[in-house]
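Participant: So TrEMBL has the following annotated:
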- 5-24: transmembrane segment (TRANSMEM)
- 5-157: domain 'DUF1468' (DOMAIN)
- 36-54: transmembrane segment (TRANSMEM)
- 91-124: transmembrane segment (TRANSMEM)
- 130-149: transmembrane segment (TRANSMEM)
Amino acid sequence: MGNLVLSIATIIFSVFFFIYTLQIPASSSTSIGPEFWPRIVLIALAIMGIVLLIKSLRQMKRPSVVAAESISEAEKVEEEFEVEEVHKSRYLIIIVALFLYILSLSFIGFVPTTPFMLIGIALIIGMRKWYSMALTGVLGTACFIYLFANTLNIPLPRGVGIFRELSYFLY
């Protein structure tokens, strides 16, 4: 019942604010305007609300025997996997790393600091293969640059000195 209410509320929320985005003045037809991103997010939210609504309605029509079977299956799957202990210190280390990353952005810039931050967080959360971490850092940074600097025209911090020149060289 809770999922049903949540899905309906999500659909109403997204439709209401989508209508509100129609009042945002559009930019020129050659570039993405300020109305684009909110509309994309609201459409995705509405789609997820509709999917949740359909799943909730289907689940309400099924008898409770199916729910009992799914619970027993979930218990079997849970027994197969060993529960890993959550290290709360990892969260603190990630928060400190993100704080240092934010502080270093204005001096060193986005391009040099982001791969190291992504590699560091990958290492903290348990990734061990060096080529996977390097690929994550480089491709993650490239995706961020493409999305924000090229597609959305949002300037990223360039840093000072040689770091600024490096960022102008790359994008």
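The backbone N, Cα and C atoms fix where each Cβ goes, and this holds for glycine too.
Since this is a predicted model, take the numbers as computed values, not measurements.
Give me the local environment of each listed feature.
Facilitator: Here the transmembrane segment (5-24) has long-range neighbours at 33-35, 38-39, 42-43, 45-46, 48-50, 52-53, 56, meaning same-chain residues at least 6 beyond its ends whose C-beta is under 8 angstroms from one of its own.
Looking at the domain 'DUF1468' (5-157) alone, the prediction's average pLDDT is 85.
Beyond its flanks by at least six residues, the transmembrane segment (36-54) meets 3-4, 6-8, 10-11, 13-15, 17-18, 21, 24, 152 of its own chain at Cβ-Cβ distances under 8 Å.
Tertiary neighbourhood of the transmembrane segment (91-124): same-chain residues 132-134, 136-138, 140-141, 144-145, 156-160, 163-164, 166-167, 170-171, selected by CB-CB distance under 8 Å and a gap of 6+ residues from either end.
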